[in-house]
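Below is one structure; the comments refer to it alone.
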Amino acid sequence: MPSSVSWGILLLAGLCCLVPVSLAEDPQGDAAQKTDTSHHDQDHPTFNKITPNLAEFAFSLYRQLAHQSNSTNIFFSPVSIATAFAMLSLGTKADTHSEILEGLHFNLTEIPEAQVHEGFQELLRTLNQPDSQLQLTTGNGLFLNESLKLVDKFLEDVKKLYHSDAFTVNFGDTEEAKKQINDYVEKGTQGKIVDLVKELDRDTVFALVNYIFFKGKWERPFEVKDTKEEDFHVDEVTTVKVPMMRRLGMFNIHYCEKLSSWVLLMKYLGNATAIFFLPDEGKLQHLENELTHDIITKFLENENRRSASLHLPKLSITGTYDLKRVLGQLGITKVFSNGADLSGVTEEAPLKLSKAVHKAVLTIDEKGTEAAGAMFLEAIPMSIPPEVKFNKPFVFLMIEQNTKSPLFVGKVVNPTQK
């Protein structure tokens, strides 16, 4: 192939498409370390070693997105993005390799690289365990051009460590290749993410796709009949009407002085919890700057049940991001440049990551994300409960309880914004 032709990678909802670059340097040694998964300490699962890093990556990425715009909703999956790039790092070398892992908040002087990949392997295995009450699945797919020969070790590692499926496609037929990739993601997300790939470079030779799908029911649902239209204050001058779910009951809710925010934890049936943060007026940026893995862990470990009159907007939001810009702010730049070293993926031609796009969708309603026929009764103290209205911008996270991993992070500025 002529050296003037450029190949690249595309990452959508975790999709990475690889396509060649015009120059390549000699490999500077295999940066990947051998990963030994022959044994696991059952009392200290390996995913525990990477969960703090995932959380800090999540908050760093969130702050970059918030910095780009304070007037738009935010919603993304840190687990999806980190999994895709950690998997890609298996095929990178030299600075390209170290930048990705450091950008994901892994310090290889503190945690061996073998444990990073072993942690993702265990995390994905745990997330994909069947749960009769909660639907949570992740998937990784490799789409290879018919003529491309991958390095055997890379193919073995992504299958073994990241449970990846491999498919052969003809990227010369861009429409058919797009259809195959989009069908894979649409099926994996049960129709929630469709037409993920809008455009596909004819020179693409390799696509790496990661998706995560979550569908849960509130442990204690809202009554549809209690949902009423109320005002949501987008900013000092903008107010919109939104359907507001309402319930008087016992909640794991408290006011946090450190964050200047109300903190609400709502469990899903199964092993997931949503954490909502409602900051005081003018304290949104303070909240965003103060959130850390340690704070989230303390909230998850402590129960603060009290009576409250809760008002939470019913909403459906979508987040779509070009990650090249935002990850560049986190130090991940080399993989997008002509100096990228992806010789661990294939030795046939130099590659670079041409595009990285992430898409995530969220629906919050009375039952969670699907209808549920649950009924329950609870005693309410006679004292007058506080009224907590999420009727202004707020931040939220969705946490998988077994792994304490941040499945999704978001901010609602305007519930009517699609």
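Cβ coordinates are placed from backbone N, Cα and C, and glycine is handled just like the others.
Now, the feature entries from Swiss-Prot:
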SIGNAL    1-24  signal peptide
MOD_RES   Ser38  phosphoserine
CARBOHYD  Asn70  N-linked glycosylation site
CARBOHYD  Asn107  N-linked glycosylation site
CARBOHYD  Asn271  N-linked glycosylation site
REGION    373-392  region 'RCL'
MOD_RES   Ser383  phosphoserine
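Rounded to the nearest whole angstrom, the C-alpha distance between Asn70 (N-linked glycosylation site) and Asn271 (N-linked glycosylation site) is 32. DSSP assigns Asn271 (N-linked glycosylation site) to coil in the three-state reduction, placing it in neither a helix nor a strand. Taking each of the glycosylation sites Asn70, Asn107, Asn271 in turn and counting other Cβ atoms within 10 Å of its Cβ gives the largest count for Asn271.
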